[in-house]
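Enquirer: Sharing a structure, written as structure tokens. Questions coming.
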Amino acid sequence: MYRGKVNAFQRVRRTCQGNGAALVLCSVSVACLSGLMMGYEMSLISGTLLQLREVLTLSCPQQEQVVGSLLLGAFLLSLGGGTILDRYGRRFSIILTALLCVLGTLLSVCVVSFWALVTGRMLVGMAVALSGTASCLYAAEVAPATWRGRCVCVYELMVVLGMLLGFGLSWAFAGVPDGWRFTFSGVLLPALLQAGVMPLLPMSPRFLLTQGREKEAHATLLRLRAGIKGLDAVDEELRAIRVALGAERLHGFLDLFRSRDNMMHRLLIGAALVFLQQATGQPNILAYASAVLSSVGFHGKEAATLASTGFGVVKVGGTIPVVFLVDKVGPKPFLCVGAVVMMLATATLGAVTMQSHTHVTSLCTGPISNSNLTVLTMGDETDIQTNTPHGLHQNGQSSHKSNHFLISINDTKEGWILNHTFDQRTALLKHASSHAVQRSEDEGWKIALQSVSVNEVSPSLKWISLVSLLVYVAGFSISLGPMVHVVLCAIFPTGIRGKAVSVISAFNWATNLLISMTFLTLTERIGLPSVIFSYSAMSFVLVVFVIAFVPETQGRSLEEISKELAMK
């Protein structure tokens, strides 16, 4: 009998000396493929929308609906996502959402219609919302306390890699017939990989304890901590989780909105963080990246999408060092530094757009073609007319007259905006010159062609605008992008964490939906500079809020953080 006990102890010891670090790394990596899919889905619409609005003849409201459908689906599922997370577990939720993402993508690609596209995007939105919450919680709960920050940041790293991939494939297929189908289909591989591998990985030990499966929880924690902690440390961690759960089982869903254990205070901290994450402008920078860059001088679909690919590169470059430094520095310093960078970048961009009289153009309509451009001569006046809408800023006029053939399309005093490409500008010059020569020969008088300017932005202001946008994206990538997930996964008790994060996630997606769906209208009403300055003001509010209210989570266990917050 004694020998049997020795053999059992040796088996446990060998288990603890195994490679638990590799298992944690594998588990976190596969779970965080949800971040890759989320980033990919949120960024691809920026480039594919340019094709979809021509293929499906989408009006401006329909384009807003296509952009907002993913956010609406995310909001709807996040309302009940906490129940799924707490009842069926993090691993099951990740598998379910991967399959849901496959279904929504196939519907969008195989059925070419506006409503099929909207429905498919809603299904994908449901998938990325629940999988994002499940993946962050799973990563936080399988990782040791000293690794938790970087493991959760892996999710944000995957998000920015997904954005880079989405921007890149949008550009690669921008000139390919039905290229949007190939771009949409790019998410199928990681979704199927995640759905196939995730069942082979361990469940969250904390979730197993909430279900009363203590033996499975102990065995799972031994596998995850093998080679990282000894047997005594594993037992101590398990006891700490058990004690925390015993106290937290007293919490119900409605306790989130009460003062008991400062739960309402914690909820408000999380809600304020995700509100500021959206109110500083990130959703609009992603969804309308190509169109915004097109409006400041990067003409053509491929050029605008290629320029927006720079956003993905910057986000990856900004997120990688954060993954390695977050556990040493903590989330609060990153949040403060990133907010200051975002504030300065958006203030600069707002000043540049005011100086150059830049407006967001052609978000609802594509560039005009040569066939839509007509030059009419009537007496002493010359009319330049177009048969297409002129974008967002117009006063209902469709021609510009000049007795001296002074053509200035981009007359900001009259609010007359017209998108163009180099070829269209050349065609305009050719038509105008030929009419000038003809009238000089027929009527014996000369028309002086003084200037032709079609929404032209000076090169210096154009590149300052791009650099400001890239700096803004870099600031977001080191602060609100990864750090919000780290804070949210740490401030709520284990027993109610799934419901709490789901409530915050629902608020997050609702705010994202509202900001994205009103961007075109708001820009038309108050102008692009005012919108950008509002982002700068929100970044300043973020700095003040982080300093005053966000708790420090560096190097502390989830149970220690929860205990301190409950006593405050």
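Here the Cβ of each residue, glycine as well, is placed from N, Cα and C on the backbone.
Found this in TrEMBL, in case it helps:
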type	residues	note
TRANSMEM	21-40	transmembrane segment
DOMAIN	27-554	domain 'Major facilitator superfamily (MFS) profile'
TRANSMEM	66-85	transmembrane segment
TRANSMEM	92-116	transmembrane segment
TRANSMEM	122-140	transmembrane segment
TRANSMEM	152-174	transmembrane segment
TRANSMEM	180-201	transmembrane segment
TRANSMEM	267-291	transmembrane segment
TRANSMEM	303-326	transmembrane segment
TRANSMEM	333-352	transmembrane segment
TRANSMEM	463-488	transmembrane segment
TRANSMEM	500-520	transmembrane segment
TRANSMEM	532-550	transmembrane segment
Enquirer: Six or more residues beyond either end and a Cβ under 8 Å away: which residues meet both conditions relative to the transmembrane segment (152-174)?
Expert: 28-29, 31-44, 46-48, 50-51, 132, 135-136, 139-140, 143, 180, 182-183, 186, 286, 289-290, 301-302, 305-306, 308-309, 311-313, 315-316, 318-320, 322-323, 326, 477, 481-482, 485-486, 489
Enquirer: What same-chain residues lie close to the transmembrane segment (21-40): Cβ under 8 Å, and 6 or more beyond its ends?
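Expert: Answer is 90, 94, 97-98, 101, 127-128, 131-132, 134-135, 138-139, 142-144, 147, 151, 154-166, 186-187, 190-191, 193-194, 197-198, 201-202, 223-224, 226-228.
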Enquirer: Ranking 122-140, 180-201, 333-352, 532-550 by Cβ pairs under 8 Å to the transmembrane segment (500-520), which is first?
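Expert: Result: 122-140.
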Enquirer: Would you mind listing the long-range same-chain contacts of the transmembrane segment (122-140), meaning Cβ under 8 Å and 6+ residues beyond its ends?
Expert: 27-28, 31-32, 34-35, 37-38, 41-42, 69-78, 81, 84-85, 90-91, 93-94, 96-98, 100-101, 103-105, 107-108, 148, 151-152, 154-155, 187, 204, 485, 488-490, 497-498, 501-502, 505, 509, 558
Enquirer: Which residues of the same chain, at least 6 past either end of the transmembrane segment (463-488), have a Cβ under 8 Å from a Cβ in it?
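Expert: Contacts of the transmembrane segment (463-488) (Cβ under 8 Å, skipping residues fewer than 6 from its ends): 136, 148-149, 152-153, 155-157, 159-160, 269-270, 273-274, 276-277, 280-282, 285, 292-293, 296-298, 307, 310-311, 314-315, 317-319, 321-323, 326, 331, 334-342, 344-346, 348-349, 352-353, 356, 358, 457, 501, 504, 542, 550-551, 553.
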Enquirer: What mean pLDDT score does the domain 'Major facilitator superfamily (MFS) profile' (27-554) have in the model?
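Expert: Per the prediction, mean pLDDT sits at 75 for the domain 'Major facilitator superfamily (MFS) profile' (27-554).
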